[in-house]
Structure formats: C-alpha cells, structure tokens
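The domain 'Major facilitator superfamily (MFS) profile' annotation in TrEMBL covers 38-454. Per TrEMBL, the feature region 'Disordered' maps to 1-22. Among the features that TrEMBL reports, transmembrane segment is placed at 39-59, 79-99, 106-124, 136-155, 176-196, 202-224, 257-280, 292-315, 327-345, 351-375, 429-449.
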Amino acid sequence: MENDGEVSSEVQTVSSDEPRRPNPELRKLLVFKVYKRRWFVLLVLCLLNCSNATIWLTFAPIADQSAQYLKVSLEEVNWLSVIYMVVAIPVSFGTTWMLDTLGLRVTLILGSGLNMFGALLRFLGTPQGTAAEVRYILVMLGQTLGALAQPLIIFTPTKLAALWFPDHQRATANTIASMSNPLGILLANIISPLMVPTSAQIPVLLLAYAIPACIICFLATVGIRSSTPPTPPSASAESSSCEPFVQGIKLLLKNKAYLILLLCFGSGIAVFTCFSTLLEQILCVQGYTNDFAGLCGALFIVFGIVGAGALGLYVDKTKKFIEATKINMSFSALACIAFSVVSLMPQQKAAVAAACSLFGLFGFSIYPVAMELSVECSYPVGEATSAGLIFVSGQVQSVLYIIILQALTKRLADAPLSTCGDAILSWRVPTLVMAGLCSVFTCCFIIFFHTRYRRLEAEEEAMYVTPQINDSATGDDAPSVDT
C-alpha cells in the first residue's frame, strides 16, 4: 500500500460484557490514513479555479478596448462573460453525475483540458490578420469552452475535501479551494487593465492567460494519479457517493432542511452576483468613479477571502456549521442594508467602502461553510450532487434577480454628479429590493433551518466499537494522523 510518510491509526476491539460493534460493512473503515499528496491535489484545484476565473472575466474590466479590438458593441462584449452563467445551468447536472460516478481525477483532467483549449482558442483568434467577424466567433468559442469547464471546477471542492482530508481539515480545504475563484476574479480586475492600456495589447494579455492554463492542465494530467487515496482519511470518505445519482436527487427533494438551504443560500449567491455585476452602475449615479468602484469590488473580495479563511478554521475545530452560517448570514443582511442606504448618498466614500468590506467579510465566508453544511444535512447523497444543486439554484436566481432589478430602474433626466455616461439610471428602488430579498431569505433560514449533522454522526457510529478503545499504532484515539 502506498504511503507518503504518514502514520496510520488502527482501532481494535477489546472484549467487554456487552460489546457494541460497528456494521460489518464499516469494519474496514477502522483504519484511516492521510496522505501528503492531498495538498498537491488541492494546489492543482486552486490554480485551476483561479485560472478559470481570470479567463471568465478577462474582458469585463477592459470592455471598451475589447469592443474596439473585436469590432463589436459593448453588449456583445458583455456576452463574453454572461455565457458562463448561461452554460453553467444545463451543464451542472452532468457535472454532478460525473463527479459522483466517474470520479475526481477524470473531472479535473477534463476541466483543465477544456480550460486550456478555451484559453488557446481565444489567443489564436486574435491575430491582426483575422477577419473581425471570425475573431469574435473564435473568442466566444474559447469563452464557451471555459464556461463548460467552470462547473467541473467549482463543484469539486466539497468532493476533494471529503475524499482526501480528515474531518478536522475538511472545512479548511473546502475554503481554500472555493476562495481561489474570487482570487482569480480579483486578479483579472487587476491584470487586464494593467496589461491593456490600448486595444493593441489584447493578444499579449490572452497569451499571458493561456500559458498558466497549459501548465495547470499538465499538472492535473500528470500529477493527479487517482481519484481517491489508497486508504480513506475518514469513515465517510469510503462511503462517499454511495447513493446513485438519480436516487440522490430524489432524497434531496424529500429533505426539508436541504430544500430550505437550497432556496435561502441560493438567494444569497444571487444577491452577491447582483452586487458584483451592478456595483459600478449603482455607484456612478452619485458621482463615484470607476476607479473607486473597482476599489470597492477589490475590498469586497479581499475581506471575503480573509473572512472565509478564519471561519473555515473555526468551523473545522468546533463543527458549528449551523451557528456560523446563521450568524454570518445575519451580518451579511445588515451589511447589504447599509450598502443600499449609503450608496444613494454622494461623497460618502468611507461609508461605501466600509459597507462593501463588511458585506464581503461576512457574506463570502458563508460559501464554503454552507457547502459543507449541504453535505452534512444530505448525507449519504454524493457531495457533488448536494453542493452542485445549490450552485444551480444560485445561478437561476441570479438571472432572475438581475432581470428584476434592471426592470425596476428608472431613467433620470438630470443627475449633475453622475459619471455614468449617456445612460443615467436610478438604482434607489433596485438596491432597496435587493436588501429586502437578502433580509427575507436570511430570516427564513434562521427561523426554519434545523438539521442533524448526518455525516459526522455516521463517522462517529463507524468509529464506535466498544466503550474502551485501544490504539495499537500511536497510543491515542485519533482516527487519522498526518506527519
């Protein structure tokens, strides 16, 4: 059996008058190991997630230069980003089946391959000699390949954490992998404007994004040798995806706690998507510049990554998934309300920046913890299925919310402070509606969501053999030890 220098621990039974023994099917789970190579698999996933996010939003920060170079309208440039949202909804169902059926390795290699070919196709479509119509089509095809890769990548953190990491590291691993996506978004918003002062530099930018994608595809293909470690790190890892895909969907639809999480947290994802998408348009009405809007977006992401890291470590130690999620959702709702008020006021840069920072700090940190909570409340349904449906719910609600909020805007005849250009819209009602939706679904979640930690209970049951436990390997009762 392969071993990377780890120490294993084995639980043996000791005779007693009335011994309690685990299910015979779970007896093999009484020996667990953790492997150092799990950190390499996590690194590859983080790099892939970050790369895919930079490809997704390559053109958004340089929309004017992109429209000039590709000879298309701004609306057509926007579709280079929107295509990710459109493709993700139908592809997500196939992705959940693939992760739970074909495994982690196949999914990551396919995702990294699609990401690489999409990045290369975008670069090959940009030489000066290419016709303008062909250039845009090739770039859009490249974006579509990247969009096909996104669900394969975003759905993977919960699966990776469950299969490779012990229970006291799962939330941290999920957090690290999940937060690499907003890190990629932040990098795209920094790198694209820096490298493209004029439209002539766009081919160089696309090459700069394609090179890392190729390296990451090589690392995934050569470096990831198996979907699971030789010996599971926890009791639940061996039984991961034990429910067939269709049966898992049926179980989820009958799970009241999961359906509440699906609706309420999906709404939270939609609110965050609306905030990120519409931030510049909301702030420009009151005279805030694009640079300031970009700063607020950066603060939103940076504080979110910091909050997610802290909360992931806390939840790994305490296992208080429900309490952490409810408290952070409450503070997120308050931050959203604060933003909806201060964003309507001119010359309040400090207040607007603080509201964006707090919104990211409390809101972003919920994502990985809520994904772990979805697995806990739906076990033994596969991790990719339970977490993936929440992502789909968020994407569907995001489209609906953006359509509704844009429909609620009103054109302003006069806005002396505006930096919006020709089209000046009032976002007073939409921002208040956004805050209201966030508050309503937060209250629903706090009041109605209650669940058992099914995965943790299954692991405890698998570990329990008799009231007296003797560890022959290490002398303590820890199920897994990493050296």
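Residue numbers in this text run from 1 along the chain shown.
Quick reminder: no glycine exception, Cβ is built from N, Cα and C everywhere.
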Of the listed stretches 106-124, 202-224, 257-280, 327-345, 351-375, the one with the highest count of C-beta pairs below 8 angstroms to the transmembrane segment (136-155) is 106-124
For the transmembrane segment (106-124), sequence-distant contacts whose Cβ falls under 8 Å of one of its Cβ atoms, 6 or more beyond its ends: 44-45, 48, 51-52, 55, 58, 95, 98-99, 138-139, 141-149, 152-153, 156, 203, 206-207, 209-210, 213-214, 216-217, 219-221, 224, 227
Model confidence over the domain 'Major facilitator superfamily (MFS) profile' (38-454), averaged pLDDT: 86
Count, for each of 257-280, 327-345, 351-375, the Cβ pairs lying under 8 Å from the transmembrane segment (176-196), and report the range with the highest count. 351-375
